Amino acid sequence: MGKCTGSGYFMHFSTGTAASGHTALLESRLLYPKRGFQCLQFFYYNSAGPSDTLKIYVREYDEANPDGKLRFIKTIDGSPQDVWQLQHVSLDVQKKFRVVFEGTKGSSGPSVGGLSLDDINLSETTCPEFIWRVKNFSSVMEDTPTNTAIFSPPFTSKEGYTFQMELYPSGKEGYPGELSAFAHLVAREGDSGQKWPCPWKQITMMLMDQHPHIQKRMSNQRSVTTDPNMKATDSDALFWDDPRKVGVEVTDTDGSKYFRGPGAGTPVYLTHLRAKSRDFIKGGDALFLLTMEDVSHLTMSQPVPSTVQPGNSTVQPFTSTPSNACLNVQCLNNGVCVVDEGKAACRCSVGDDWWYYGHSCQHKASLMDKTTLALASSLSVLGVMLVVTVVSVICVKKKYKKRSKDNSVVMENVHA
């Protein structure tokens with residue numbers, strides 16, 4: 001949301017001494033959207049009274065409202081909890097704007113705490129639908145036996161399908177030291193209106209990296225897509241069919257019963273070593289962000305362009321047979337002739353460490369040739385340097401010898 005003095009500390013609105021109706025405002029810097037949708041994410045700690053609330057607004061700026069126009073987005077309320085709650089708020093702003101947080105003291109009596117905000121981030125992405133918090137996650141990984149699963153609560157997507165995540169904290173059998181993750185469809189009593197088998201929904205399971213700065217996060221995610229034609233192993237039953245047909249009945253912790261279908265996912269979701277690194281576990285807890293979205297539009301093939309023009313006149317198809325230009329071209333060593341801008345050319349074979357080249361792919365080269373050439377070049381340079389050094393030494397030696405000869409004094413006996 002911008003650099004501010006005191007970075008690293010959370011913002012707190014104390015409602016203990018505030019009178020009923022008093023408010024506190026926190027505004028972001030100016031933001032300039034590019035995509036038309038955003039996700040506001042922050043951690044929220046409520047130690048205030050039960051009627052104290054936090055409201056989210058956006059202040060939008062345009063020519064008609066140079067000072068900004070306030071637009072209400074959402075109210076976050078509820079009983080106080082002794083935990084930092086992860087919140088997501090979907091925005092749809094297309095003008096430059098600020099995010100505004102408004103804390104309000106309710107009508108209840110005095111409280112000892114207040115409303116706190118931390119790790120506020122805004123991204124131009126869609127918000128996850130559901131959050132599964134696993135408390136004391138390090139202990140869960142250490143104490144859960146191998147091949148023993150825990151399950152998230154069932155979540156119902158906006159399209160009416162219910163699903164849940166299955167997690168093996170100590171890995172599936174044969175995968176020690178791993179987190180294994182799978183997605184299941186669920187059918188509860190009273191569920192109706194869904195289309196079975198479930199067609200082309202993508203379930204995403206993300207273990208959130210809880211680093212305060214969203215651009216420095218390295219969250220771990222896996223996605224599962226419900227292919228309506230996929231069959232169960234060693235069976236003619238459709239894998240993503242109604243869980244009441246292909247699943248098993250299970251009893252929830254509250255005693256309610258529902259049907260859970262088969263699961264799809266990966267036994268190597270994340271290693272324990274990686275899970276304990278970075279900020280995957282913070283305050284002892286891990287946060288899994290779960291989403292189900294429709295991806296059926298990705299399966300639609302594009303229409304084939306028509307070869308008939310208005311007036312019932314026909315044109316040549318877009319795909320045609322290779323040009324006759326290649327008839328008189330011979331490409332050696334498994335090369336292939338192609339027509340490029342009306343001219344025939346050979347496309348030569350290429351391997352991992354070798355390739356052919358030349359107008360007919362008649363020459364072969366390899367990495368070994370390059371290595372040999374580089375070695376020969378190095379030895380040549382070394383030889384030249386050695387010759388230059390020897391010649392230089394000889395020349396310098398001759399020069400000093402001549403100078404010594406010229407400066408010598410000859411003693412002779414002179415007779416009067």
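The backbone N, Cα and C atoms fix where each Cβ goes, glycine too.
The domain 'MAM' feature in TrEMBL is assigned to 1-129. Among the features that TrEMBL reports, domain 'MATH' is placed at 127-250. Residues or ranges marked as domain 'EGF-like' in TrEMBL: 322-362. Per TrEMBL, the feature transmembrane segment maps to 373-396.
Here the transmembrane segment (373-396) has no Cβ contact under 8 Å with any residue of the same chain six or more residues outside its ends. For the domain 'MAM' (1-129), the DSSP counts in helix, strand and coil order read 0 helix, 60 strand, 69 coil. Tertiary neighbourhood of the domain 'EGF-like' (322-362): same-chain residues 368, selected by CB-CB distance under 8 Å and a gap of 6+ residues from either end.
For the domain 'MATH' (127-250), the model's average pLDDT works out to 95.
Look at the domain 'EGF-like' (322-362): DSSP puts its residues at 3 helix, 15 strand, 23 coil.
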